[in-house]
Number of protein chains: 2
Amino acid sequence: MATATVNPDLARARAQATFDPLKLTYFIYDGADKTKRKRFLQNIAIKESQEQGFRRTAELTREEQYDEALRKTTYALRRIAELGLKDSTDLYFFKEPLFASDSSPFGLHESMFLPTIQKQGTEEQTKKWIPLAKRFQVLGTYAQTELGHGTFLRGLETTATYDVKSKEFIINSPTVTSSKFWPGGLGKTANHCVVMAKLNVGGRDCGMQSFIVQIRDVETHQPLPGVTVGDIGQKFGYGAMDNGFLTLNNVRIPRENMLMRYSQVLEDGTFVSPKNDKLLYGSMTLIRAQIVGGCARALSKAVTIATRYSAVRRQSEINPGAGEVQVLDFQTQQHRLFVQIATAYALSMAGRASIAAYTRVSAQIESGALEELPILHALSAALKAFSSWEMAFGIEQCRLACGGHGYIQASGLPKIYTHEVPACTYEGENTVLCLQTARFLMKCQEAANNGQQLPSFVSYLKNPKNGKSQLSQNIRLEQLIEAYEHRAGRMIAEASLRIKTQLDKGMKPAEAWNSSTQMLVEAVVAFTHAFVVRAFIEKVLTSNLEPSLYTVLSQLCELYALYGITKYSGQFTKGGYLNDQQLEIVEGRIYDLLAALKPNAIALVDAFDFPDLVLDSDIGRYDGNVYEALMEYAKRSKLNSTEVHEGFYKYQKPFVDSMKASVQSRL
Amino acid sequence: MATATVNPDLARARAQATFDPLKLTYFIYDGADKTKRKRFLQNIAIKESQEQGFRRTAELTREEQYDEALRKTTYALRRIAELGLKDSTDLYFFKEPLFASDSSPFGLHESMFLPTIQKQGTEEQTKKWIPLAKRFQVLGTYAQTELGHGTFLRGLETTATYDVKSKEFIINSPTVTSSKFWPGGLGKTANHCVVMAKLNVGGRDCGMQSFIVQIRDVETHQPLPGVTVGDIGQKFGYGAMDNGFLTLNNVRIPRENMLMRYSQVLEDGTFVSPKNDKLLYGSMTLIRAQIVGGCARALSKAVTIATRYSAVRRQSEINPGAGEVQVLDFQTQQHRLFVQIATAYALSMAGRASIAAYTRVSAQIESGALEELPILHALSAALKAFSSWEMAFGIEQCRLACGGHGYIQASGLPKIYTHEVPACTYEGENTVLCLQTARFLMKCQEAANNGQQLPSFVSYLKNPKNGKSQLSQNIRLEQLIEAYEHRAGRMIAEASLRIKTQLDKGMKPAEAWNSSTQMLVEAVVAFTHAFVVRAFIEKVLTSNLEPSLYTVLSQLCELYALYGITKYSGQFTKGGYLNDQQLEIVEGRIYDLLAALKPNAIALVDAFDFPDLVLDSDIGRYDGNVYEALMEYAKRSKLNSTEVHEGFYKYQKPFVDSMKASVQSRL
């Protein structure tokens, strides 16, 4: 990153830092070696991307985006093979500059098709399919959601009927609503699919099972008989992805194409139930844990762009007549952005904590201990929901903080938002996920009421609800954890009480539950918020940071936690836990923290170490040369390919002439 | 709207209403006659739109959107002339189905170019330009913002230097950052511009003035010498609009092209200052008041789509095994949507109240009384900010409430969001506007402290801050107004105190102000919220509604106000105004209201009376035939124009073949 021509305002803001951002970068990427490895791989990708002349999404039509994405994907995969990259972190960082907040039509092949076969296939099946898939001789996707059906698995309509004579399954879409709809890569790219379908053996409903269905000829790429498949059209972003629809008209597949690691259909039509299908949750849990980190990274990008731009942009005066100041000088702008910087760091630490929990529990599962699986599932579901909501809101805050230029695609911010906000919906709709976690928390509350042992991270459910915070002028981080756990404990208890009250009124359990769900979702948010606050604070307290880093990171911890207290203040003051004076201390401290963090704002976002190509933003550039870049972007607009647009001749001139004529005829 | 083939779930939900939606429609549109007129005009537009075969934005590239918008605009304007439509309400409703949440490249000509000349031009100037503009013989836009400068007028860099010899102004863009950037219609469409530039007469800075600058030849449409103009490229939505850039290289215009109703430059170079430039605020105030109503209407559209879809969509079970239910049955979904229905109605009433205030004050101004102008300015600025924030958040809530299908362009929701969220930024960035209102409120607070008289809608600033609410199980609407005004009064007083405390610490006034701005913005939000709550409640209480309408509208009032109390609960409990028990009453009442409003949900959105073409949504259709429409949309995707996409031959097949070869070569 050249510094010779850096915008002077940005350079000055950067120079104010009280710590070395490189050291924070090492902290973020787990040390100097891993940081260097990341940079090494990203630099290759950046150099080659420039050599190849890959085009920016911001300048392409949706059709061109798909075309360019295929070009980039095949290039990247070829290079990955040549470079011999295998480690998932290596792959992530190598691909990041090539697919900056953008999708690949091969994405589901790698993230869903392959892992599903690996997890749900028998040894024989994985032996057959995995090498084919790894060499891209079959290209797959994962087809679960249907036009009329989503999150609720048992609602799917696609059927798989076993024909014992031919030893085949007949896969069928009996209705319009049963067409598979939305899977990425399905529209134009994939030639195979893992299809979720309702298994019918000899007239008996054997539940949802997974089947490998070939949909296109591997050589000609033409759809096979009985298969109707295509792209679903333009979306909110995601132009590079061919999300597709798929209608199967009694398509026959061999018996061997049902993934049979758990459930099985024997040749003679005997259905064998799985011994333990809880293991199926495993991969979903990992994906959700990964989404948390992804949300942190997406928000980090957005806030890097907005913070740098706020140092470059001058707008309005603070002291009348003294000239326009950097918008970063305004307290309101600091509040907007620094809260998001803090949130990005907080979610990143929570993401690490949840991956760590996954790894720990996975090891237990391997040795046969499944006790912690429900806890892990509950935690990862709630964290995915919480972090995607926070991220989506945060990205838009960053975009709105950039004024008009936040609306131009060249800012990168619209693309980041449209690429990331679907995390609120995919891999389990957020509200639905929160309510799954709520089921778990209600069980924990019951266990607490009965004096039973609790999982460590909800042990506070046993605490008394009438406590008072000791928080005073000299705020300690532990007091903030206490405050969040008090709030969560109280809200979980209240939701549990609400259900009980509704039951006492004579409601059926399902209705008592439904009439408490809004309260439950809010309790789950409080529970997750407490987890995130604890994860962030513990990470900072236990990482043996050098003083300059400890100071700024503990300020971010504080800001994150204090901001949440002001946002949900009534939930902290209830029962007198915090009083009005303490709330005023909290507010006052936030304003002090904004001022204290200001010299470090640029360094805090620089430390994320995003190369310009990853941000893909004309206003978030490391060198701050924003306006020249925007003007170049403008000039390349396709509408400028002719000086006079053909619409002028087709519509505008004839109209103006006719108006003139009509005036003259009236004269 | 045919009902024969309505989706049965939607039909059943619709039939549950306890009131006649047509009567509510009459209330919304000010009576049966005006409703009929609206429908009459919209039906013409719908019929002709179908005859013309205008294409959906959701299916077009950005370039096609611009082209189609020109076609639609010229068609619409021709028809408006033929039909002799002149009344602004008539024009609004006739155009609404043709430009459903979409823009017209002629939009700024009508909304800014013409009105600016009308307001700021001399009699002679309006006589010359208005007829030309009305007959489209000149086509204009309004160019204020520059690449490096926005809200802060004095920061603009474009210069207008008077040349006394030639009696011309020389308009110049001295830097990259001084290029005009963003004006709608500037890129490819307009041939004239009102340009804001810094006037220099004989070396003296005479402030910002407005100039009419011709930028393209009226016949050939080629840019004139010294003019560099073009489109700025792809944005977050707004594809139909050619937002543009404009660089002026010492372009000369006659002296007569400066708009001279207020400031003047005489032939000899004498600069004459305006007598009263407050009047300039008038048109900005009206536009902001209109934005409030626009925000209400946009949110109404989004919530109509999401509510209807929630009656059609079945997903998950409430009673296990009893089958999937309409998602509208879930309390969480009701909470999400009904709060937005209530918000849409609340903003609509606030919009009316602010237009009424504008009309009243305008009449005073005509008779020379300018006292209320600052009040009106403060109110309209804050209302614009508040309502655009509420709307933007609300539209995304509606979109997210639609699960996966909320992401497809065919749902209409992405387009509504991207078309409307710019209201947070244009016509004054929201935070900046809030702080303008804060200045006014701080003056009011000082007046209150000094026992002076206050404008009626902040008279509560005189109230004691230690009151307690009398709110109990039987909530009265007046108690809700009281609660909101108490909260606003307290927060305004606290912000004022904060400034005083900072000054006492020795801060300079400008810094004391800046370090209080976050608190001030929150106080302004509370002030505006109180205004909206009062406007909504007063409208419902004073409209002499028949009982069935009164019941449901007062429930919406209650829900709107109670939801705000839970959202900002700590601001209502501070100082003990509301206690924990009262807060629990509020929460419980919200859950009861959700259940009470549920049978009326569809009728409440039907009453907005949006024709399908205005919603432009496959999932928000009146007939609920959602899935068939989505599948048709999918099939029309441009990527489906060939069965095998050319990218397969260009990239995918060569890649797969090379991977096969490389494996074989390694064998």
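Quick reminder: no glycine exception, Cβ is built from N, Cα and C everywhere.
For the domain 'Acyl-coenzyme A oxidase N-terminal' (B:21-138), the model's pLDDT averages out at 96. According to TrEMBL, the domain 'Acyl-coenzyme A oxidase N-terminal' annotation covers B:21-138.
What TrEMBL records for B:THR145, B:GLY184 is FAD binding site. Sequence-distant neighbours of B:GLY184 (FAD binding site) (same chain, six or more apart, CB under 8 Å from its CB) are B:SER103, B:PRO105, B:GLY107, B:LEU108, B:THR141, B:MET241, B:ASP242, B:ASN243, B:GLY244, listed in sequence order.
Under the heading domain 'Acyl-CoA oxidase C-alpha1', TrEMBL lists B:281-442.
If you look up TrEMBL, you'll see B:GLU427 marked as active site, proton acceptor. Every protein chain considered, the tally of other Cβ atoms within 10 Å of the Cβ of B:GLU427 (active site, proton acceptor) stands at 18.
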> How far is it from B:GLU427 (active site, proton acceptor) to B:THR145 (FAD binding site), counting Cα to Cα, in Å?
Replying inline: 11
> When the domain 'Acyl-coenzyme A oxidase N-terminal' (B:21-138) is classified with DSSP, how many of its residues are helical, how many are strand and how many are coil?
Replying inline: 88 helix, 0 strand, 30 coil
> Do the recorded positions B:THR145, B:GLY184, B:GLU427 include any whose Cβ comes within less than 8 Å of a Cβ in chain A, and which?
Replying inline: B:THR145
> Which residues, sitting 6 or more apart from B:THR145 (FAD binding site) on the same chain, put a CB under 8 Å from its CB?
Replying inline: B:LYS180, B:PHE181, B:TRP182, B:PRO183
